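Undergrad: Below are the features listed in TrEMBL for this protein:
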ACT_SITE  H234  active site
BINDING   A138, N204  NAD(+) binding site
DOMAIN    24-130  domain 'Aspartate/homoserine dehydrogenase NAD-binding'
DOMAIN    183-268  domain 'Aspartate dehydrogenase'
Amino acid sequence: MSQTVFEPAEVATPQRAVRIAVLGYGAIGQQLIEAIAHEVAPQAAICVVRRQALPLPPVAQTPLAVCTDVQALLAWQPDLVVECAGHAAVSQYVVPLLAQGVDAIVASVGALADAPLHGLLLQHAHVSGALLRTVSGAIGGLDALAAAAPAGLDWVRYTGRKPPLAWQGTPAAQGRDLTQLRQAETIYTGSARAAALAYPKNANVAAAVALAGIGFERTEVQLVADPEVQTNVHELEAQGAFGRLHLRIANEALPSNPKSSWLAALSLTQELRRLLELKRHRSPALQQPPHCCG
Ligand SMILES: NC(=O)C1=CN([C@@H]2O[C@H](COP(=O)(O)OP(=O)(O)OC[C@H]3O[C@@H](n4cnc5c(N)ncnc54)[C@H](O)[C@@H]3O)[C@@H](O)[C@H]2O)C=CC1
Ligand SMILES: O=C([O-])CC(=O)C(=O)O
């Protein structure tokens, strides 16, 4: 049954606390909520969207409201929504929230490989005026790629290399015993679009690279299961009029999810800091902690 389990009281000041909806209470969501409550926006009201209406204990004295459907979430009137629940949550929650003018930050960037969904998100953001932000997530260098793109890029390649366990529950496990892998095996080569759609929990970075550079079709992706690595390794290579880019990043995975890098949670948190600062400039009445304000 859909419901709001617990709704924190309105802050008793003339100013209204910023209301942050967090979609997903998994490895990334829990890190993000800790960061919000302790450092990014301690005065914020937080509503966590979960699949089940189970209450959550407060984090750093911040009560956590919980709700399980979009109507309850809209009734809560969030100022912004941060998605870290998976591709399905983008169509289920981010689309209707954007349509209602709620700014959104999306971690599941690969959902935008679904072209009609991408179009709908852009249209709602355009009509409602809400901001739609995707994160660089577990990779970096996308600012350089985006800056270089208008001058012309010849090619862009992304390689995602993770320990075999990180590919469990994906197409890579079909017809292959990942626990017996003794050497690196390429499990996918192809476009960023097909990668993002086939590996929704492992190829969001491929989508972020595609969006920053030359798009979903032209971005070349290789995914590798590698028993030799202990980290999630992401490599970005590009060549164009600007010159040549080669970036390699070795990420520690989050302890509760080997598929997801800690940097992805940090990147989402950083994007939230940026958006809160922007919103403070747009709407100074919105209560925010001083360190968000530069
Ligand atoms: N851009 C990037 O670099 C990265 C993006 N991601 C994206 O972030 C997502 C979350 O990552 P983790 O926290 O590590 O995953 P996780 O599996 O630890 O947590 C996801 C949570 O969301 C919940 N959930 C799933 N669908 C939901 C729905 N429709 N409504 C409400 N809750 C729902 C699940 O029950 C789970 O608790 C991934 O699925 C992936 O799409 C993950 C890693 C890197
Ligand atoms: O967290 C990571 O290392 C990257 C990841 O899962 C993704 O791109 O979906």
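Including glycine, each Cβ sits where the backbone N, Cα and C put it.
All annotation found in TrEMBL is predicted automatically rather than curated by experts.
These numbers come from a predicted model, not from an experiment.
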Undergrad: Mind giving me a neighbour count for A138 (NAD(+) binding site)? Other Cβ atoms within 10 Å of its Cβ, every protein chain shown.
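TA: Around A138 (NAD(+) binding site), other Cβ atoms within 10 Å: 25.
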Undergrad: When a 10 Å sphere is centred on the Cβ of N204 (NAD(+) binding site), how many other Cβ atoms does it contain?
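TA: Total other Cβ atoms inside 10 Å, all chains included: 30.
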Undergrad: State the Cα to Cα distance, in Å, between H234 (active site) and A138 (NAD(+) binding site), rounded to an integer.
TA: 8
